[in-house]
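> Supplied in structure tokens, the structure appears directly below.
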Amino acid sequence: MTRDTPDTLGKGDVVSNESLANLLKEERRFAPPAELAANANVTAEAYERAKADRLGFWAEQARRLSWETEPTETLDWSNPPFAKWFKDGRLNVAHNCVDRHVEAGLGDRVAIHFEGEPGDTRAITYADLQREVSRAANALIELGVRTGDRVAIYMPMIPETVVAMLACARIGAPHSLVFGGFSSDALAARIQDADARVVITADGGYRRGKPSALKPAVDEALTQPGTENVRNVLVVRRTGEETAWTEGRDVWWHELVDRQSEEHTPQAFEAEHPLFILYTSGTTGKPKGILHTSGGYLTQTAYTHHAVFDLKPETDVYWCTADVGWVTGHSYIVYGPLANGATQVIYEGTPDTPHKGRWWEIVEKYKVTILYTAPTAIRTCMKWGDDIPAKFDLSSLRVLGSVGEPINPEAWIWYRHNIGGDRTPVVDTWWQTETGAMMISPLPGVTEAKPGSAQVPLPGIAATVVDDEANEVPDGSGGYLVLTEPWPSMLRTIWGDDQRYLDTYWSRFQDRYFAGDGAKKDGDGDIWLLGRVDDVMLVSGHNISTTEVESALVSHPKVAEAAVVGATDPQTTQAICAFVILRGNAAEDEGLVEELRGHVAKHLGPIAKPKRILPVDELPKTRSGKIMRRLLRDVAENRDLGDVTTLTDSTVMTLIQSKLPGAASSED
Ligand code: 6R9
């Protein structure tokens with residue numbers, strides 16, 4: 001999977017300096033809007049303050065939270081890389097996300113505007129949320145869940161998912177969310193590894209206009225060895241479809257939770273109490289259970305949500321389109337926004353149901369002011385055509401965010417123009433499941449934005465780019481992205497495997513955290529992310545980044561999306577093989593492939609010219625929207641496909657394979 005830290009690293013520069021220079025040739029800069037800058041939550045001064053006293057800065061941010069016992073020690077780094085942040089502080093995460101807002105008189109504020117895919121809606125206030133979370137916490141206690149027990153959550157995008165997570169947090173039972181799109185095998189592996197006691201699920205959810213079942217995958221997973229410790233399955237009724245039932249084990253949410261008391265007094269836990277485990281898949285070996293804890297995680301998610309989106313909780317309506325089963329959903333649907341008392345939209349379904357303007361209709365309906373989504377979604381909207389968002393009133397929007405992949409300059413500009421009406425800043429936020437919260441991003445009221453670049457480490461964060469020998473590279477060159485100081489929301493370990501935590505992240509560059517991403521510093525020292533280092537291609541002795549070739553392809557007016565891989569080649573070590581999705585009106589004619597090859601050569605130089613270009617209808621993606629280049633490499637090298645269970649739509653690969661003979665004929 002593209003997501004992994006590589007076992008082996010390519011030698012030398014990740015990408016030639018020349019190609020970066022080409023990428024930056026069309027220098028387009030966007031100053032922050034004057035009004036936003038004048039009223040911004042965070043100004044340039046924050047960088048100075050954090051630089052002068054990094055730990056003091058984070059101690060100050062921790063005071064955004066309500067602590068039962070205030071921490072006196074900010075960071076214990078006596079046993080690196082096992083960090084302890086705010087270790088003598090005690091707090092309850094759910095109290096911080098819910099109860100304290102009610103206590104502050106904000107009980108009537110809407111926390112969640114829920115929009116179901118079929119069109120059903122619910123407005124849930126902070127007071128409602130407090131009652132629901134308390135009831136769910138009492139229900140878990142009745143099921144025998146104790147502090148420290150793990151709870152697996154396999155749910156659609158409905159409010160009960162947020163309630164379930166907060167109920168776990170409230171009683172100190174770490175949750176482990178598994179994407180609703182994952183197979184029963186993937187679910188079983190995660191239940192086994194975390195040794196979960198309870199699974200919370202639903203009969204199903206709505207996707208693409210139809211009910212899509214979830215419970216059967218849970219039933220199937222629980223037949224597998226190593227899942228015996230699951231005592232109960234708590235099931236939300238969402239679709240009302242017929243569901244198999246195991247008496248004594250399965251419990252309906254509406255029967256158990258609804259009859260509970262709506263009073264529950266949250267107990268404070270240590271700042272380092274585990275909050276959740278979230279698995280990132282591995283190309284080899286079992287998935288890594290990334291462990292996050294409470295005080296530091298909540299501090300950094302709350303701070304970054306406040307700073308990077310310039311959130312004004314009284315007036316903003318925030319919407320993050322991510323699935324809650326992805327880290328973005330954890331940090332920027334649940335913990336960060338709720339800790340900040342935000343009002344947000346949660347939408348259950350796909351962007352094209354029942355029509356391709358659904359997202360923009362939702363923005364118009366709820367007057368969304370801040371939108372956070374992924375480049376893949378933006379490129380899909382580009383492909384569908386500018387006329388679709390143009391039909392809706394998007395004038396409420398004031399800040400746009402991007403996460404998940406490098407955003408190519410074309411998509412960035414399209415997003416700002418067609419969605420942001422050329423008014424809104426676009427913040428390109430780089431971070432990972434492991435970092436827990438945003439690390440590198442512009443600030444909307446401060447940074448002069450460069451399309452395609454995440455630009456600068458946030459205040460209190462230290463990141464740089466190093467070469468093979470761990471030396472910091474000068475401005476204008478590339479290498480590996482590393483984080484040089486611990487940060488509050490960092491992963492604490494890999495669940496049950498401290499050694500793997502050390503080996504994967506902390507051994508490649510001595511005391512620095514190695515993120516697995518290639519990056520460049522431009523002449524101003526701004527950071528450009530170049531994709532996972534194991535995706536870097538080696539062509540006739542040159543390292544070429546997939547991101548840059550993709551970006552060059554997408555800058556052609558006929559291309560909506562591109563995925564590039566290096567396929568083994570007897571002459572050149574690897575040959576560049578590109579899969580492209582054409583824009584709505586572009587025809588797949590004879591000369592197109594040649595035209596695109598020429599276009600890449602012009603942008604990046606002849607060495608980066610793809611050997612093959614294959615127009616396709618879809619690309620294989622994970623549910624979080626990342627292209628699965630491993631599968632495309634398998635196709636390009638005529639290998640059998642490996643594990644496709646984490647794919648959104650497994651038929652995509654069959655379609656691509658059936659087109660492959662055509663690819664060979666476009667070679668020269
Ligand atoms: C939050 C999330 C992490 C990997 C990361 C990088 C890529 C995420 C990015 C980005 C360039 C951005 N990534 N945001 N690359 N620019 N703004 O995506 O977490 O699913 O763990 O993936 O995603 O390659 O290393 P996760």
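Cβ coordinates come from backbone N, Cα and C, glycine included.
Dumping what TrEMBL says about this protein:
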- G404, E405, P406, D428, T429, W430, W431, Q432, T433, D517, R532: ATP binding site (BINDING)
- V554, H556, V559: Mg(2+) binding site (BINDING)
- 44-97: domain 'Acetyl-coenzyme A synthetase N-terminal' (DOMAIN)
- 105-487: domain 'AMP-dependent synthetase/ligase' (DOMAIN)
- 548-626: domain 'AMP-binding enzyme C-terminal' (DOMAIN)
- K626: N6-acetyllysine (MOD_RES)
> Cα within 10 Å of K626 (N6-acetyllysine) is the criterion; apply it to the binding-site residues G404, T433, R532, V554, H556, V559 and give the hits in sequence order.
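Final answer, ordered: G404.
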> List only the single closest residue to P406 (ATP binding site), chosen from the binding-site residues V554, H556, V559 by CA-CA distance.
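For P406 (ATP binding site), the spatially nearest of the binding-site residues is V554.
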> Cα distance, T433 (ATP binding site) to H556 (Mg(2+) binding site), nearest Å?
32
> Given that the record lists G404, E405, P406, D428, T429, W430, W431, Q432, T433, D517, R532 as binding ATP, what is the largest C-alpha to C-alpha distance among them, in Å?
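17 Å is the greatest Cα spacing among the residues binding ATP.
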> I'm trying to understand the geometry here, so how far is the Cα atom of T429 (ATP binding site) from the Cα atom of V554 (Mg(2+) binding site), in Å to the nearest whole number?
20
> Give the sequence-ordered list of residues that share a chain with W431 (ATP binding site), lie 6 or more positions from it, and have CB atoms under 8 Å from its CB.
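Counting only residues 6 or more apart in sequence, the Cβ neighbours of W431 (ATP binding site) under 8 Å are V403, A437, M438, M439, I440.
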> So if I take the binding-site residues (T429, V554, V559) and measure from each Cβ to the nearest atom of ligand 1, which come out below 6 Å?
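Checking each Cβ against ligand 1, the ones under 6 Å are T429.
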> Rounded to the nearest angstrom, how far is the Cα of R532 (ATP binding site) from the Cα of V559 (Mg(2+) binding site)?
23
> A 10 Å Cβ contact count, applied to the binding-site residues T429, T433: which residue has the minimum?
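Taking T429, T433 as the binding-site residues, the minimal 10 Å Cβ count falls on T433.
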> Let me check the 10 A CB neighbour count of R532 (ATP binding site). How many other CB atoms are there?
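Around the Cβ of R532 (ATP binding site), 23 other Cβ atoms lie within 10 Å.
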